[in-house]
Structures are given as structure tokens and as C-alpha cells.
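The repeat 'PPR' feature in TrEMBL is assigned to 22-56, 84-115, 223-257, 324-358, 457-491.
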Amino acid sequence: MRSLKDGLMHHVRSMKSGFTLPILTSNQLIHLYSKHGLINEAQKLFDEMPQRNIYSWNTIISAHVKSQNLAQAKSIFDSASVRDLVTYNSMISGYVDVDGYERNALELFVEMHSKSDDIGIDDFTVTSMVKLFAKLSNLCYGRQLHSYMVKTGNDRSGFVVSSLIDMYSKSGCYKEACGIFRGCEKEGGIDLVSKNAMVAACCREGEMEMALGLFWRENDSNDSVSWNTLISGYVQNGYPLKALKLFVCMGENGVKWNEHTFGSVLSACADLRNLKIGKEMHAWILKNGLSSSAFVESGIVDVYCKCGNMKYAESLHLTSGIGSSFSITSMIVGYSSQGNMMEACRLFDSLEEKNYIVWAALFSGYVKLNRSKAIFELLSLYIATEAAIPDALILVSALSVCAFQAALGPGKQIHGYVYRMGVEMDIKMTTAMIDMYSKCGSIPYAEKMFLKVIERDLVLHNVMIAGYAHHGCEIKAINLFQEMLEGGVGPDAITFVALLSACRHRGLVDLGERTFYSMTEDYHILPETDHYACMIDLYGRASELEKMVLFLQGIPIEYQDAAVVGAFLNACRLNKNTELAREAEEKLLKIEGDSGARYVQLANAYAAEGNWAEMGRIRKGMRGKEAKKFAGCSWVYLDNGVHRFVSGDRTHSKAVCIYSMVNFLTSELYEIARHSVSQCFECTLKYSKASLSKMSRSHDLNRAMNENDDDLLRNVDNAEVDVPSFTAEGEDFDTIND
């Protein structure tokens, strides 16, 4: 019975004739039905069998395992009259392949090991368990199993060696994986399966040169798995162009492309954001007859989405009928990147089952648009509807929005949720939490969390240094930088931006200069726009205008952008220097002539010195070019939402109440201020006569000395001065002035 048709015909004839099928024939039919997905028919035939042998039990258990109906498989397993090695291996492999059944697999293996004298353990058993420990990244159990395999001699076959390499690699023990490979290599037992596993381990570790060397060793034996592994490794490690070159080389070597090849190559095209190459790959896929694969078509959709061609992506998505979460996620990300959250939400709501990938895609769209209210609502919906705890990436996204909006309340709530649910605080989560507290102005909270971290990386140091620098803790920022260097962590460009910000806030010109020049001399980091702008601002705040001008002249032309020239102009305003402002005017308007903010900045620079004519000229120029200025706004997070306020804006739903309260507070402040001024004025009158007499005497003395008038000098010396007595009221006045 080679085909399903033959099997069905034979089964029907036996039923019509009332003939009872022999055990061998029934077993073959059960296997045939399960192979074609007819699980119910296979189960019915199994139930009708008058007699069963071990093959019958193994066949029906294997059928349910392949259909991932593990509950039914375990029920039959428990009721089986006989069990052998194949029975246990079928159940264990089924548990290993399906998420959520890892404990069941381990318990069954322990039971199997206790009966090893009767049942035994073979290479398939240990390979399945090694795969389980690799999946769990459980190095302790993995090493115990490896030790057992060495003792029992089950560590020699290629599949076992490859599984051990894979387990150690996925558990972060790259050296152990290399040791196993070299040990087998010395014994001459390296086959293609083990070689491919080692190439994958090198790619996972980022050792692409070693992976390439292994790949070309005995390259005649390389199969499609070898090529696909290396191509995928290049894509995962950020070398999309090398992946494309290897793809072409694969075809030139006569190795046939498959869906896994195109899946990796399409990821490379998406990373490059190259629509032209993406279209070429689409054409090759059509020519090679792989367009029916949902995996490949989802990759094509992803390429078009990331290249910004939503028209092509939508057309392919609708015509092919792709319903995978990957494809829909790509569409959601594509729509979100263009700000079309309506379509993104429509696709999101159309899914009956929403996995983590789809949730993360929608979160990323709202984060990119800084839609804080939507982020918080989505997070609440996730917690309410999903049984699983939000992934760290989702929580980090929510924390980044809290940091951007300076929403300390929601940030604390997320922190509390993480603590209550026992979410693992990895370095990314901790960094996001510290960044949130820093940007919300809660430096003590950020500092407390920072000090608890034992292994601190560069990103974490940068976040804390920037937090110190922007909240008046400049000395702490500088000290932390020194601690970072002493701890063996090297700085990057972002570190120096934070340090220079600390120097400019504190007015530390000498230290700022040393920091700036050490960046290139000691750490070989080339300055960027932010570094130049910080130095210009530092000189401006310290009124070091000559140094500022010389420094600006030394900045390369490509870095003299709006940020640098804008900082220069701001320094001119602070120092009321219209001559320098006039020099910067032409350059600034040439760079950003359509920005209303720059016109306002120029006008303010002239107004600071009282040059109203120049200010009027700039205002006229602004009107003539129809430059637009985005209104500055303030916001406050209240009642689970962000409220934005612009000067004079009355569009808020509670504008009447808000302005009524503002008027009330203004009246109260006016009364308080008037009362204070009245008290101060009464105190000041007591000193006015003495002060005027002293001023008059001083004025007459200076005039007499300048004119050498002896009579006037005598009159000044004989003048009576009314010196006030220091009463209690006088002491109060001195206290107020102090």
C-alpha cells in the first residue's frame, strides 16, 4: 500500500467482506493514515483492532505526537500493555519539540533511566535530552548528561556530537563547544553534521572568520545546510552584503537554493533597506517556484515594508492570503513606521491569537510616534488579556516612553509590577529603569539602582553620567567617569557628550577643554556635532568669546550645522554681542532659513543688546519667507494621560477651569507680592536719608578732588550725616537682604 488511495480501497474491501485485518496490515494502515493527517481514522482503526503488538502502540502514539496532541498520546502511552525504547523515545521527542512540556520530558527520562536495564537508552534518547537542555539553556543538567554519555559510550556518533556542540553553544559555553569539536577532530570522527553544528556555534558567537575557515575545509562535502548556516550567520551578525555574495556563490557552486536560503537573503535585503535588490530576489523566488511558501512570502512582505513600499507589501499580503504572525507583524511595523496606526491596529485586532511578536510590533509603532497614552493603554490591555508576563522588550519600550514624557508615576508603577511579578532585571531592563528615573528628575532613585548593579557596562555608565550632568550633579558625573575608567570600561562618543554637558553646566572651561581634546588624543574618538555644540555653549556661558570664535573657525565645514551655529548665536545673546551675531546670521539662515525658531533666536540676540532696528529687520525677514515656528509646549502626566499646554491655547477640554485657577493664583500671588513690597518699602525709608547723604557726600567729594576746590572739600568734611540707629527693625531688614 504505497498510496493513500490503495490503503483506503483495501480497508473498504475488507470491511465489506467482513474480513478482519491482520495486525501487520492494520499497523501499515495506521501509519499511512497518520502520515496523511487522518488521525481520527487512524485512532478508530486502532480501537477496532482485536489484537495489538508493540508496533501498533508505537505507531498510534507517534501519530498523536506528530500532530502535537500530546495529551492523547500520553493517555495511550499510560494504557499501553507493552512499551519499548521506541515508545519512550516517541513521547520524549514530542515533549521536547513542544513548548511547555519540558518538565514532562525530564520526568519521563528519569522514569526511563530507572528502567534502563529492561528498556535501554540509545543515541536518539540522549540527543533528544541534550536538545531539551539546549532549549532551556540548562548547563548543569547538560553537563551531567554529557558525563553520563561519556561513561556509557553514547558520545561518539555525529548526531550526538552535533547536539552537544549545539547545547554548549546555546548555553553560552563556546569554549566547551570548541573543545568537543577539537576532541572529535583529533580522533578523526568529524562528519558533516558535526561540522555544520560547529559553524553554527561560531556564527552564534560572532566568530565569522573561524566559521568561514571551517566552511571551506573540505568544501566539496558542503550541503545546503552548510551554506544556509553561514549565510544566516552573516545576516545575524550584521554583514548583509557578505550574505548576498555568499548566496550568489552558492548558486555558482551548484548547490540548490531552498526556502531557508531565501529566508536569510530576504532578511539581508530588509536590513539593507534596498528595494532594488529586494525586487530581484522576489523575481528569483518566482522563477524557482518557491512563492507558495508562507515563510518566504512573509519575508518578501517584510522587505517591502522595511523599504517603505507599503503598496507592494499590501498587494502581496492580500493576494497571497498570508496569515502568519510574521507577515502581519511586518505589515504592522510598516504601517507604524509611516504613522498609519489605524491600519496597524486594524491588523492587530484581526488576529484571534496574538503572540508576543505581534504585541511587540504594535508597541514599537507607538513608541516611535511617542504616543504615551496609547502605550500605557496597550500595556494595561496586555496585562489584562495575556497570561504571560510582558517580555522585557515591551517593558523597556514602556519605560522609554515614561522617560520621554518625564512621567514618574507610570514609571514607578511599571517598576512595582516588575518587582511583584518577579521579572528578571537584566542589564537592558535595569538601564531603562535608571534612565527613566534620571530623566524624570529622581536622581536618588536612579543612583540607588545603579549602585546595586555589580557588572556595569558602558551604556549603563553613560545613562548615569548623563543623569548626573543634567540635574546639577556635575562633580558626581566627573567622578563616575573616573571610576568607569578605573573599572576597565572604555568611553565612547556618547560618554563625552555627557561629560561636556556637565562641564558647560558647571562652567568648567579648563576641564571641558581637556576632556574634548583627550577624546581624540587618548581614545581616538572623532568629535561630532554634539561635541562641538557643547564646547561652543561652554565658551559662551563662561564669556570666553575669543576662544569661542577660534574654536568655531577650527570646526570642519561638514559639522557646522544648525546645532553648532545655533549654540554660537545663543552665546552671542547671553553676552549681548550683536557683532558676532551678525557674523553668524548669514550662515545660520543659509543652513535653516525655513525654521522660524532660528529667526526668533536671531531676533532675541539683537533684542538682548537693545538693537530694536535689527530685531525688526529679522522679524520682517521671517514674515517675508513665511517661515514656520513650532510652538513650544509644556506637558504634565495626570489621570493616566498626558496633557499638553501651549501659551494662549484654549483647546483643552477643561480650559475654563484651568484659566479660572490661573487667574485665582495670579491674584493671590499679586497680593502676597504687594504686601511684601510694602513692608520692604517701610524698612527702606529708614535708610533713605543716610543713603542719600552718603551718596551726596561721595559725589561732592569726588567733584571737589577732581576740581581741587579747597572750600568745597571743607564743606564736605563738615557736613552732618544722619547715621541710623540699628534697632530691631533694622536687623530684620539686614536679615531680609542677607
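Placed from the backbone N, Cα and C atoms, the Cβ positions cover glycine too.
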(message) Counting only residues 6 or more past its boundaries, what in the same chain has a CB within less than 8 Å of a CB in the repeat 'PPR' (84-115)?
(response) 54, 57-58, 61-62, 65-66, 68, 70, 73-74, 77, 121-122, 124-125, 128-129, 131-132, 135-136, 141
(request) Tell me, roughly as an integer, the mean pLDDT over the repeat 'PPR' (84-115). (result) 87
(message) Using DSSP, what is the helix/strand/coil residue split across the repeat 'PPR' (324-358)?
(response) 26 helix, 0 strand, 9 coil
(request) On the DSSP side of things, how many residues of the repeat 'PPR' (84-115) fall into helix, strand and coil, could you say? (result) 26 helix, 0 strand, 6 coil
(request) Provide the three-state DSSP residue tally for the repeat 'PPR' (22-56): helix first, then strand, then coil. (result) 26 helix, 0 strand, 9 coil
